[in-house]
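Enquirer: Let me give you the structure first, and then I'll get to my questions.
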């Protein structure tokens, strides 16, 4: 019964993440004005989340190649997901704090860093590999497998969380200092711009909390399972599966649904009635005639 519940929770949460991430990928593909370098990184993040969610929601596979394939692909794309958040934080810090304009030249390095590190972590994970046959094939049994899983996923994960938190703290502190300087200089225009930027960056400062909220229960569950492998805590595993599965949805809302995306969607919605008029030029006249006949 517990396995069926966990399978349903895992599939449901991963499905929501798949839809949310897929929506951001679709927006990037459809709206040319979004294809700037900063949002391109969000696209790569959403693509990783979408694939991570897809392989994660496969459910309860049987033994054999399919189970191993699901475990490796889930590990690869989930690692890639949180690594892409570090590239976004790095880009923001390099642009705002260090005043560098060469971030677009680093795209190839970003790809090498993210996909290369994800591949290395996935290959190392094969040491002591022994997949469990519960709600998913990503987790492992055996003390060696559990230790390697923790080292190849949770250690770099919390490294990314610490890096993102420190980076956003520096950016927000710099913008706050700029705002105070603007107040002292009585430069109202610059003060307004700085406050706008600071408001946006304060919201970005919460982004490390997405990774913490998504993987805190998973981290605790892995540590507990390593210490006491024979004593499973169902509610902890339930929260582990549910919050980890929702990571893609959280990322799509926080990183993807920004002002640029909302503006692009609203502009398309505003243009839609005009297109209807061009497609059906006589519809208004026919409706008017129909209303007159009804009134008779």
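In case you wondered, yes, glycine gets a Cβ from its N, Cα and C as well.
Automatic prediction, not curation, is the source of TrEMBL annotations.
Relevant sequence annotations retrieved from TrEMBL are reproduced here:
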- 6-259: domain 'G-protein coupled receptors family 2 profile 2' (DOMAIN)
- 12-31: transmembrane segment (TRANSMEM)
- 41-59: transmembrane segment (TRANSMEM)
- 71-96: transmembrane segment (TRANSMEM)
- 108-127: transmembrane segment (TRANSMEM)
- 147-171: transmembrane segment (TRANSMEM)
- 204-221: transmembrane segment (TRANSMEM)
- 233-257: transmembrane segment (TRANSMEM)
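What does the local environment look like for each feature on the list?
Expert: Remote same-chain residues near the transmembrane segment (12-31) are listed as 39-40, 42-43, 46-47, 49-50, 52-54, 56-57, 241-249, 251-253, 255-257, 261, 264-265, 268 (criterion: CB distance under 8 Å, separation of at least six residues from the stretch ends).
Remote same-chain partners of the transmembrane segment (108-127), defined as residues 6 or more beyond its termini with a Cβ less than 8 Å from a stretch Cβ, comprise 41, 44, 48, 72, 75-77, 79-80, 83-84, 87, 144-145, 148-149, 151-153, 156.
Residues of the same chain lying 6 or more positions beyond the ends of the transmembrane segment (147-171) and with a Cβ under 8 Å from any Cβ of it are 75, 78-79, 82-83, 85-86, 89-90, 92-93, 96-97, 117, 121-122, 124-125, 127-129, 139-140, 201, 204-205, 207-208, 211-212, 215, 218-219, 222-223, 226.
Nonlocal intrachain contacts for the transmembrane segment (204-221), taken as residues 6+ away from its ends with a CB within less than 8 angstroms of a stretch CB, comprise 82, 85, 89, 92, 154, 157-158, 160-161, 164-165, 168-169, 171-172, 233, 236-237, 239-240, 243-244, 246-247, 250-251, 254-255.
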